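Taking it in order: structure first as structure tokens, then the write-up.
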């Protein structure tokens, strides 16, 4: 089935790159703020992930990538986007604005059949690849791919809980800057700290990522919460999860469980490394979460801290496509 992308920002553009790399068919892009000519430029040149390796051009009022024609719309309101004109049925809602079932459902007016919100949602069912995809059913029309941080945390929490039982835990994500932040101090009425210069500061921030794990792994509901520090790096973030466990274990036991999961049921979603890595080593890594065996610590047999990396842009965008593929498989069955 054909895919449409609403919002051609960091995630929208990388979802298109991800789609092209695995043969998923994107037929339309909507963005009211980006003219076609500028779309070509923005898609081709990326300061973080490099110049796009294929061919990008505009032709007959369309965006053409590697010979594939993508229809471009510039509508402000989702209900005005004529998705059916381009044959787009599965929509990636990556504006960051229409994150509830009601708001995202506006896409159906233009002929869309399903919507994946590329952000957490207050009411849409949330999915994390490798964790709860089996809960998806045909009758769901608007779903959420959760957040990049939830996608990093959930696989790690799943492995810990299934093997050693999480009693309770606190998460900190040391998170790269995103587009909502300011280059220098500026107005940010809802989040005063968030309005401070992104390149000059370590900025404490809130995140719903840990609580959201309770939505995708119901047994952990109410057992995890967390916060974030925004730091002056352009991409790649890291989750630090401190947990009290119900079963006694050694840190080596935890490493073994993570390694086994990364090579088995969670392959492609959870990675494992014993190397002396730093954040930039993960730019362009398409896994959701890469467990850092050397960085974790243990205080007692039931009290540990685990560390896991993620490319918050690229890995997450790959998951959006993975979720779409799963939905299409279930929907066509």
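Glycine too: its Cβ is placed from the backbone N, Cα and C atoms.
Going through 178, 183, 260 against Swiss-Prot, the one listed in the D-glyceraldehyde 3-phosphate site together with 147, 148, 149, 207, 208, 230 turns out to be 178. Put simply, 312 is the one of the recorded positions 1, 31, 118, 312 whose Cα lies nearest to the Cα of residue 149 (D-glyceraldehyde 3-phosphate binding site). Of the listed recorded positions, namely 1, 149, 207, the sparsest CB environment within 10 A is found at 1. Around residue 312 (NAD(+) binding site), the C-beta neighbours below 8 angstroms that are at least 6 residues distant in the chain are 148, 149, 152, 175, 176, 178, 235, 236, 237. You'll find the Cα of residue 147 (D-glyceraldehyde 3-phosphate binding site) roughly 7 Å from the Cα of residue 118 (NAD(+) binding site). Around the Cβ of residue 31 (NAD(+) binding site), the number of neighbouring Cβ atoms within 10 Å comes to 24.
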